[in-house]
Each structure stands twice: as C-alpha cells, then as structure tokens.
Amino acid sequence: MSSSSSVPAYLGDEDLTQETRALISSLPKEKGWLVSEIYEFQGLWHTQAILQGILICQKRFEAKDSDIILVTNPKSGTTWLKALVFALLNRHKFPVSSSGNHPLLVTNPHLLVPFLEGVYYESPDFDFSSLPSPRLMNTHISHLSLPESVKSSSCKIVYCCRNPKDMFVSLWHFGKKLAPEETADYPIEKAVEAFCEGKFIGGPFWDHILEYWYASRENPNKVLFVTYEELKKQTEVEMKRIAEFLECGFIEEEEVREIVKLCSFESLSNLEVNKEGKLPNGIETKTFFRKGEIGGWRDTLSESLAEEIDRTIEEKFKGSGLKFSS
C-alpha cells in the first residue's frame, strides 16, 4: 500500500520489520477489504501491520495478576466497554458525581485504555510496566494467540460479543468512513461473502467468539463473557456482574447509574473530544460513534444478505449453546 493511501498506518504495510516481512512471505494470503491483502496467522486473518503488533505483543507483553484485559472482535462495543470499565475501576479516584472534569469528559476512551497490538505496532518498545495498577488494556487478539503470560497469570479477561450481523454492518460503515477510496468499489455482497467465509479482517468471527466462549465456561473466574445486546438492554445489571467478576468491592446503586449515564452513547458521542478529536494514528474520534443500536443491520443488509450471515451463524455455532439476540 502506498504512503499516499487514506488508510491509517495500522492498517497499512509501512515500517514492517524484517522478521514480520519474512513471516508474511510464508503465510496464506487473500485479497482484502480496506487493504490490498490480508494474511492468515494462527487461524485468523490480519493486516500486515496488526500482524506485526500481535507478534511483538506475544514476545514482549508480560501480564500481571492484577491486569484486566478487555477483548472484542472489531466493532463489537469496544469503545463503550472501555469507557464503562475505566469509569468503574476509577470510581474512587474520579467520582462521577463530584467532578465536571472526569477523564472521560475530556479524553477519548481509546486514549485511556491502550490497544495492545496497536500500541506495539506504533511503539514496539512501549513499556506497559509504567501503567498504574490495575492495568486496563484491550485487544482484538484471539484466545489462541494471546501472549502466554496472559494465559498463565491470574489476570482477568472481559470478552464482549455482538450479534455478527450488527458487527459486520458496523465494521462496513467504519471502513467506508476510514478509507472511502479503498472501499468505494467493493460491493457489500462481496464483503458479506468474505465475512461468511471467514476471510475478512479479524475473521473468522466464529472462531474468535467461540474460543472465548468456551474459555469462559472452562474458567469462569478468568474469563467473563458478556454480550453487547445484554449490556444495552440491562446495562446496570451487567455492570454489577462485571464489577463482581473484577472484584471491585461493593458498588452503590447510585454509582452504577452515574457510570451508565456518563458512558451512554448519547453522552459520549456528544462530547467535543469525541466529535472533533483525532487519535495519534490519525483516526477521527467521531468515526467510533455511529448509532450504537441493536438490530441496526436491518438498515443496511438486504434480506438475502442477512439470511446468508444467519446460515453461517447457524452452521458455525450449532451445539455451542451460544445464542444471539437480534
């Protein structure tokens, strides 16, 4: 990809190490959406830059028992989950009720909760040990590809899953905003086909979801599995469940309500920092806020495309016990 591309650096192929280039040359590849090519590594498909971030993360990240790692597929409630858990963990340091300058009012959630593989791609020598404890971070890395220290330590993982149809549509619109030139001539029918074949950025989506689903059932004290839909429908109830899992101590009903209000889509999306700001990688913060709805896929997907995704869901999740709200 040329340097004149409108695609952000972390979706491109600039500044790759020799090690990454050597590995990439040996990996299966497919034509991509957003980027010219994606590569299969440990079962999932990635851009070259994100692949490099994953490799560095696997080598250098050392988890602590007190760490909290938020995991999602792309466009599955990442921004919202970051805000909610940041506010929860910091409710004593930054009380929502007593301050008009809460960090979330002046800083985008993505700057408050670092994205592991993104940080490692942009700053390979970044020192995560300098972050205050408990360290709160997020990743899109599959369970299989997590650094060994994450798996072997007592750190906590909160995984948020979203209905794949809404996830796809959110990613589709995100990509069109992010890189209008690269996505202009890529029909949605082709994108749905690639999504359902698993040959899509971050895919196969079912493998990513099921790895964490089974991990949460095998080790419920290590991995908490929440769904975007339940988080939207009963935010206060789910927040209490997250707080209990993270062993945050007693939390007042009023505290929960205040956190939920502060972190609501309406609140966050209307803040100046989330309407006019930019992240260090050049992405406009407003790109992360579209509708935040359940069932918004109906406005974008035709009946036949929705059925195509539904058939994939039925086939891939059969027997897992995992059901999706629509």
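Note that Cβ sites are derived from N, Cα and C of the backbone, with glycine treated the same way.
Positions annotated as active site, proton acceptor by Swiss-Prot: His140. Following the DSSP three-state reduction, the secondary structure of His140 (active site, proton acceptor) is coil. For His140 (active site, proton acceptor), the same-chain residues that are 6 or more apart in sequence and have a Cβ closer than 8 Å to its Cβ are Ile50, Val71, Thr72, Asn73, Pro74, Phe115, Glu117, Gly202, His208.
Here Swiss-Prot flags Lys75, Ser76, Gly77, Thr78, Thr79, Trp80, Arg162, Ser170, Tyr228, Arg290, Lys291, Gly292 as 3'-phosphoadenylyl sulfate binding site, drawing on similarity to another entry. For Lys75 (3'-phosphoadenylyl sulfate binding site), the Cβ neighbour count at a 10 Å cut-off comes to 23, with all displayed protein chains included.
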Same-chain residues at least 6 apart in sequence whose Cβ lies under 8 Å from Gly77 (3'-phosphoadenylyl sulfate binding site): Cys160, Arg162, Tyr228, Leu231
